[in-house]
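Novice: Below: one structure in structure tokens.
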Amino acid sequence: MVSNSRGNHVLVWEQPDLEDQRPKVYKGGLGTRHWVTFMLFLGMANAYVMRTNMSVAIVAMVNHTALPVSHEAMDTECGDVSPNSTKEVLQQDGEFVWSSPLQGYILSSFFYGYVITQIPFGILSKRYGARLFLGVGMLINSVFGLLVPVAAKAGYPWLILVRFIQGLGEGPIVPCSHAMLAKWIPPNERSRMGAAVYAGAQFGTVISMPLSGLLSAYGFAGGWPSIFYVFGLIGTVWCIAFLLFVSEDPEQCPRIKEAEKKYILNSLWGAAGSSSPPIPWKKILMSMPFWAIMLAHMGQNYGYETLMTELPTFMRQVLHFSIKDNGFVSALPYLCMWLFSMFISVVADWMLSSGRFNHTQVRKIINSIGEYGPAIGLFIAANTGCNPSATVAILAIGVGLNGGIYSGFKVNHLDISPRFAGILMAFTNCLANLTGLLAPIIAGYIIDGNPSQAQWRIVFYIAGGVYIFCATFYNLFSSGRRQDWDNPADDDANAKKAAEKKARKLERKNASYENTAETAQ
């Protein structure tokens, strides 16, 4: 038993890595950590609502018949659209004349702001805590969401700017959520709790797409503006509740029971809070398990963003769903993903608790389901021809299997380095979203002026290929073992080396200054 820098005791029994840890059991029922998990789940849902509602709204915002290529909104290679259906589609035309490439830039503008705040917020949350950055950042996101209709009417440059600022505000959601999971959740509960939090992304998508479709057709303020007013208000309410009722960690929480606090702290090897030692940047960048997570994350984001931002457009152009139906049909794959992620997270924790599998094996097996599954689904969906029911079913199954990634690489940061998990997530999420923001732009150029099945097939093939390559790299190089560079037992030695290095550097600087002064005389 040792004391951390706050004076609290942390159990450090013989555990050179997570695979050697024996599960601890807490029989106190639902506790404060479950409340924190629930609030993080709602925060993640809110974040994905704010990023996906534009994908549905833009279909109602654009005047498709006024575009230079008149057939851009509809593909007829599977037969002419019925007059009634065509009339309905034309009635859905909006007021903005935006080409497919411009729509791609509008959709991706959010992610430019999102990616550049990942690493700064990851580092700051490690030093100053994650709660405040997460709550205030999401408040900025929600408030600027209310300004989207005004910005769109002022001109697309203003809309791009507002969406960019929304992205800046949403930047803390993933690294800060990861940092708080590392502080609140014991290792033997991370598959379930981590999946529960990140499944909020699917829950938000499932809520956003159909409700956005209904609001665009029947909402107030002209239809599509009501999408941003409703979700912006809901997001603001969540931010206030989060800042008022969620604490940074168990030690700072006034409402947690003492038994649960001890259970959490005694389950964590070394402090996960801001008092941890300096970040071992060089060792992290030389770690293959870290790069395995990075590649898996990048492949996931490219494939996921391709579907999330482009699926509503595909449903309209090729499968001829109306905006109202579009939201429901587009949300179906994510409903499957949400449900499957919950199921597979329980399976993952059972595999670990059974003793038959270690963390490395579980992460690889579950992640393979999560990334190979949607890749195969994309390949099949690209060749279903003029069968919308089969296409939707295959995409629903494929994207549903994608839920495995939450118990795969997504919680793997916590395995290899619980104390620096927020930092690792900040890096992988930053580069992954840089990759993901290319997806709508590439898709926009591929289908521009020719939204045929052949062109959409190229979009799906590219996404599926990226999934397969990155998942294979992960299986070759990933690990569930806690890495040597996050060993609390080495903290004193590392701190001593760092102090000696700093002293030598200062000594050389003083010597150089003295030599310069003597030369000047």
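From the backbone N, Cα and C atoms, a Cβ is placed for every residue, glycine too.
The domain 'Major facilitator superfamily (MFS) profile' annotation in TrEMBL covers 39-482. Under the heading transmembrane segment, TrEMBL lists 105-125, 132-152, 158-181, 193-221, 227-247, 331-353, 390-409, 421-446, 458-477. TrEMBL lists 485-521 with the feature region 'Disordered'. If you look up TrEMBL, you'll see 512-521 marked as compositional bias 'Polar residues'.
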Novice: Counting CB pairs under 8 Å, which listed stretch among 105-125, 158-181, 390-409, 458-477 touches the transmembrane segment (193-221) the most?
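Specialist: Most Cβ pairs under 8 Å with the transmembrane segment (193-221) come from 390-409.
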Novice: In the same chain, which residue numbers or ranges, 6 or more beyond the ends of the transmembrane segment (132-152), come under 8 angstroms Cβ to Cβ?
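Specialist: Tertiary neighbours of the transmembrane segment (132-152) are 43, 46-47, 50, 54, 61, 96, 117, 121, 124-125, 158-159, 161-163, 165-173, 176-177, 180, 221, 224-225, 228-229, 231-236, 238-240, 242-243, 246.
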Novice: The transmembrane segment (105-125): which same-chain residues, six or more beyond its ends, come within Cβ distance under 8 Å?
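Specialist: Counting only partners 6 or more residues beyond its ends, the transmembrane segment (105-125) has Cβ contacts under 8 Å with 51, 54-55, 58, 98, 133-134, 137, 156, 159-161, 163-172, 174-176, 179, 274, 279, 305, 309, 422-423, 425-427, 429-430, 433-434, 436-441, 444.
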Novice: Can you name the far-off residues of the same chain, 6+ from the ends of the transmembrane segment (390-409), with a Cβ under 8 Å from a Cβ of it?
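Specialist: Same-chain contacts beyond the ends: 191, 194-195, 198-199, 202, 292-293, 296-297, 300, 303-304, 307, 311, 319, 329, 332-345, 347-348, 362-364, 366-371, 373-378, 380-381, 384, 474, 478.
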